[in-house]
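Take a look at the structure set out below.
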């Protein structure tokens, strides 16, 4: 049998030949200890050249491809490939793992880099987005992540001279990144004209924002900031692969084989051409270079490492070499010397010295080499080639002996016979040829038995036989030398084989897994002397087995290091070493063999540490020495805890059923009942599959769990309190070291762990997101700060948490088999143990990972199943209890001894100050001394020892003990049978709590007149429970079979019980003794009922689909009810005892008459009229509403009606207990629901007086007692029930503003489309017509006239070089709220419009701007904490949440200096609609516009997301932290108010409860304010304000406003509250009100705006002033004393602002907009001077040349002329029906041109007076008119139209001018056209969907500004006829800039916004002289 166990010898990696030079760069460095660190295959290597020694880091599970050295040069980071690749940070000195970073990248990790102080690490993934990720590597935590680039990234580096900046480069790009908050923002490097767009391969950062980079063409590109400033051409002749910066300068290495050294300013120092040196060769390519002092390390493509001493740079020293690229298959060992020969597809054959660890010979062949062999005397070396030939060389000097090619396909294997006379050659064409060595390798035979390619050969010792393996796994034998096949097994039996390298054969059966027919083992080699076998497989694993190993699935030891397939493995000639070669990693590994006898001395070579386990996990088999599992444990391991439907699935399921629900809920439904129930007592304790889940709290209460309830039991008062935060079975529980907090873990799809306070029963933290299916074990650390947990997913994941923060610290896969226990080391918080099935593992934390080592059992014991574990009195000592009753004692990871403790498993153990206590399946509690040597005392749990005060009865003696705990002078014991007992130290035992044992519980009956109930269960017991305050089990009786139903007779004397075998019995209700029993049915009895009154009949329903009716007195069956098509589920009698109502499994509701059982058909209307004695039916019209929307996945299993017929209680498959008002007609009734049971509620019953409800949990085995709190009965705290699932269908109220805000869809700037309905080909895509007069360059013709009349500029035409934002007229009030705040004691106000945050000085009106947002700002808040003064947070729109630059984001910035402090990229798709700071100012809350309206909490300074959760399915308008809290906040929205708590990383919410106020309905809530003592005020759509105490509505302030209350503000200093609403101004009312702290008294303020309705969107209160923002884009300051209003900011109410005109001589301008106003603005005074209400939307506006008249064009086709002086109308006219798009006075003031969307321009002669008769018009315009310009002489008009065409017309005739030459000679008075050759350059490449909307040329005629649909203002030179002209661009507007103009003297540019209704004034910066 020993053959099946793992061998007891061992391999230790001694040397690796090779270095990974292919496909990697920059992977070779000097460490601080002057050692060399690099990697090969899956191993990190630290090589000491001085001692010629290697150390290995083996924490990776696949190929390493990237490496970075920490700045202190001791720590190394390496990254690997794989599906779930990870990064290891390890110590190059000890080669131990320091940290593991995982769970972020996929595919692989391409680049790594540490920052300057080594705190952060950046990594780049190999995924399609090439994700860039920044880590806090010590904590294993990701700080930020962003998509890197669409193509490969080759190098990344931190800028060591600027904080938070990085540079990355790769295919055709270089990117400069800045890290702020959690946002990584890239800027692409601009190649410009300086250099070609190139692939950049490597880079290094220098001072002064300089970056040096190496390009693919061999140039070095030098960058300043993001711009390329120069190139150093021809630095190398080909691509520069590596660049290394050091103190002296830079070293570069390239594909040309050269190393160049540069000084710090990148001036060349020297060049070293490696190809020219002694060791060089053609094609040498440098992949890595490292320069330290006078040494340079070089790594090459062909896996060499050179060291160069700078002084002797032509003599490089070769310190490592390996095979080059190409698969490596050939391996042979020398028969007499310690040499190994390898041959590869790189065509080289190499001989290695195993003693000196060096390459001693190398020879290049013509063909790739696939196999090798050395003959017995060591003279000849044969090589098999890929082309079918083989070559024989002399080993001595590598000269050729012979070259033979007999085959066309690859030679896979060749071997010399032991006597040296023959050579056997196996080929891919399935033949083996035999050659005679002495006859100069003449072919002497061939073996042709195989049908597939030959894989392995072995000779017999006498050279007479050959055995082969082929690709089909067949093993064949041949006689030598002829090659005749041997088929007789007898002949072969006696053959002794000289070597064993075959993979199939009896002797190696054990190397294959038991049930597998795969052929992934590539090579084996037998060591006959050591009786071991080594194998190599496709997964990079080397295994040691015993030899021979005859039975499949033998145990082994495994060793990792190779990354992919290991192609060959051989013992050295003296069996000292094993040599293995990697196919893809081209590496040669040399392992030292340590035989068994040496192991004793070498305990230090305990299993080496690695993330992949080096011990034989998979090699489990039915080993004889593993005891069979104990039945109890066996049962437990079969529990999967999987659910068909998890509670988490309900929201999605409901979503799917939405349509069904909508149709049903259109009808008004009954309210939920007024009654509520409260959980009062639970009979039950979960012992059957849990351990150590029972503890004393600080104050001596007992805490444990059952079902989904955490129970705190007070044993003095016999009362319980409950933690009801879980929604499914709790599987584990542990107590905090201070005994006040408890952690419980539950079942779930994403199961949670709750940490809660046993005193307040409030959750402190909820941990989730890292387990699946359930959490099976938890444990606190000794300091109470950390928590370890284990999941029940397939890998039994182990997680270490910082539970207060709710953060995962580390995670690892635990084991394939179930883990029962996790324990944290009390002395070292970074260590823990897990124990479970055949498993004991010792873990330590390494960054984000955990490194586990299996307990080392040695010869002492066997690999047993561990059920419990504790730590001893030092950090090394641990103790575990096994399934066989032993206690194992461990030191470090070694088993030192075992002690027999119990018969059967040890389920629980506990460490005391001076010893231990253990409990086992044998029902004995044992006390031990502190070294487990003596058992001091035992207590047997027996009925005899029960003390008189016990609350129940022991079911049996010596029940299996599952939990033990000590405290308060007692031992607390929990048993498998669901009992909790207290053992006094002196011996007596008190039973405290008990419940049913394992097995479903269905039967429940309440007594007709006493507070007792009976239950019967599959555990084969019938029990009677006392429901009065003594809460105990009164009687119990064992049954021969389990039962599913029971019933008391009406007089309470008899109890009928239905059993599962089809029998039933009647028992005496007091003594439980049998009265009578019957067995008439085969299937289980499902319901049993006595008829009412005297109880004359007994109805017995069974799963056979029959109901039998018995006469109780005569004990005879009198009737059978037939006709049901399925099993019976419920029966009820009518009050007369004549009629039975029956429910069946097919959802039939049937009626039968007693006693004969005749079927009756009763119409449903009649059913209601029948008086029923009981109602437990779940079918029928009266209870239609109890079926949930998701009825398909969940059944309602039970119901029970109160005796007053008012309230129906139901229980369902999801564990919900619900109360409905009866009758529940109509679908989906409203209810109150309660969670406590975990899964199926199998039965519910009211007690005889309806004072209590008793419910049974089917699989949680618990009996719960609830008290019924009648309507009208009001206790201090209403019960927490969850309200109905369906959102209230009451109308939440209507208001146009609210509806618009709710339905608005925000588009991001990048996706914006054109605002005008343009058609046609864009100008830059049109074919250009050849101009007629392409004049010769020299010409006598007169010069072309000016394009533009340039006036009032004089001689100095200075171009404009920049625009600076100076003023904004506008405020976003239309769909935002609470976005105007005071700063600096009211001197400044802060608000926003478009994408700009505005700081506005109240006194001077001057503004400064925050312009870092790249899209519209939607919300703004100010931090109120004095530590964070003037800190503002703003949230913006965005598109999807891929964390790229267009993702929605929040900026936190300083309002005074506009510095960005943090940027938070959000996962809220669409945008961020609300932000709020917490009381300490450190947390920020944000709400998204995504469909789930996600709520997220951030630690904004670190950019860390703490918690996130779906908020509500409808729009949330505002969420705000309570001003005194960092954990409590409130959200309001459409028909929604929720009260939230942040617990760790979890967000818990409670819906606002309305039930306490009559007629309260859930309205749409719009605003929030707070008061003391947990008061919250919410403003509603109707104008009421709701007042909430905690989460319960306690008062309504009716009509606080007459319209929606949009804004509320809580003043922190005095608690007064400001509200703002939507109202018509009236004498007593006002749109703004100031209230006292409790919203009882108020003072109203009127806003004197002159509007018909004031709609307030934002309020804020300063010192004596109230700041108000309105829907009309006004910001008003109201004095509290005098109520005086001062308007600070004006803006247009609705946009777009199409019309814009600047005054001809003054700094005024006019704007006209959709809101029907024209406004006059003064730039110098920074204010609005005047506004005219036109009553219709205005589209265009224009000043006359003198500035005395204004023309306005309207949307309805009318135009108006006003006199500026009086604003009186001079004239108006309407000749068109459609909008006027542009209107112009001619320069001589004679004509007015009016362009409209009717494709026409009308001319009016103004000299004819205000009658305004049209004198002519332009026809034939192909599309609507956009802009018009007059010529300087008023004779021509240029018109641009909606089909991208420009036309010129004569004035006033309207004739179309076609002559290009004539047009070219016109001088224009103004230029606002976006069309024409002169402005072709303004059209950008990216304008497929978007247009340039407006343009304006400066008065100087040399500058041009444009506005476009992306919201950009651009500055060009004029004219700009070249396509895609250079320009500067200015952001700030929302999408669509609709108009733009220069003011007089070109002092300013004014731009008008479409979506943002704002006017931006930009100051022009002219070029200095």
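Note that Cβ sites are derived from N, Cα and C of the backbone, with glycine treated the same way.
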Range annotated as region 'Disordered' - as stated in Swiss-Prot, picked from 534-558, 559-583, 584-608, 609-633: 609-633
Correct range for region 'Disordered' (source Swiss-Prot, candidates 1236-1265, 1326-1355, 1356-1385, 1386-1415): 1326-1355
1202-1225, 1274-1297, 1298-1321 - the range that Swiss-Prot marks as region 'Disordered': 1274-1297
Folded-back contacts onto the repeat 'WD 15' (901-940), same chain, C-beta under 8 angstroms, at least six residues removed: 630, 632-633, 691-692, 867-873, 879, 881-887, 889, 957-966, 971, 973, 975-976, 983, 987, 989
Positions whose Cβ lies under 8 angstroms from the repeat 'WD 25' (1691-1731), at least six residues beyond its ends: 1315, 1366-1367, 1369-1371, 1374, 1393, 1404-1407, 1671-1674, 1737-1743, 1745-1747, 1750, 1752-1753, 1755, 1767, 1781, 1936, 1938-1944, 1947-1948, 1950, 1952-1959, 1961
For the repeat 'WD 9' (449-488), residues assigned helix / strand / coil by DSSP: 0 helix, 21 strand, 19 coil
